[in-house]
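What follows is a short report on a single structure.
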């Protein structure tokens, strides 16, 4: 590991606050996460209380920028009920460590790591992207990131996945070259931890580009959004094509499903497909945790259909591993077994001799129990649920709402992918905070009712006396509210008329 690794990691954390001063807070956060996540090395430094990797570098830099240049916005943020998911994910490791006698230091260190990976991106999404302009800018940043990876993916498809080794001196994944061949060719990784992570990123950037293209074309008389003068739809086609070349089967399926949802939803306004997508992680985690469904019938069906033996064996291996891990987790159901592999189960089918979780949901259930699993599912499914509740009928996906619907679908598909893999991308968590904040505020009722009538009185403008310099006050409500507003306006005008200092106080 050469000097370029610490230089880029620590240097990026130090550079981010400067971005806040140069290009503004919202754009600085978008650039910090997209550029940092896509191009920083996959490396970790063990510091006191902190495992300093690129997620920590980005989060620390952005937190410093907020404190130095935008502290009032942070202090004005009010917690919401939807934030409980992020709080549970961050706090669960601390209580898991205490429950397993691992000590408060271990728990605090693990919670700090969760803050960098989960809490901080969610917070920045709530702070800066929880309006339509913010979601559009976040979506465009994701598309820019996908396009920046296109030539790098094509290069590695031809030359093999070695950019990370050439630039930083080591391979990003511990297995080296053992998992980079698929379907007779190379599967690129660029600067990501694994080819699966890269495939998911390219797939979701294509989906976001398609959602942005729908946001313009769906409105009568509105031009389709462009990027560099090119219609966003063509960028979506390019990104989708490169996603297919990346040879990640699951990512290709999620991308196709997401685009089909957007197209069908915008044409018909149907909401059932979105609710079905929300149900998939909940039902799967429920039936697998309780072992109500063991997957044996699926294995038999795949064998009868003539699926390749190695693929059927892989699925059977996964089902049995999930059952063993779930059984172990339910021995300590509330907070799980904590870290250090305490919840792993000896198993002769595993090359390591232990069952190692593949899906993120099994990992969090095993480490942090039902509290951790609850927080994980809440955090990743809340955006789409809230978006559907805030936009009634077919409005959830048409016109301007297509941008938010696209980001909500990205997070929901990320949740489905976490049933199979444990590839966390903090940019998707920024989108989580953005959609949750936007959906909650969009769904706040703005009606004022009285006991005597259900009709909403129109807002009235009560002007203050002409001699006053106070601004007019807009009031919604009955006579009592208007009298109170007049009194407040006159008091304010009287205070302005007072001399700047009383006698004897000069």
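Counting begins at 1 with the first residue displayed.
Keep in mind that glycine also has a Cβ here, set from the backbone N, Cα and C atoms.
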Correct range for transmembrane segment (source TrEMBL, candidates 18-35, 36-53, 54-71):
54-71
May I ask you to indicate which of 155-173, 174-192, 269-287 is given in TrEMBL as transmembrane segment?
269-287
Looking at 54-71, 232-257, 370-390, 402-424, which one has the highest count of Cβ pairs under 8 angstroms to the transmembrane segment (80-99)?
370-390
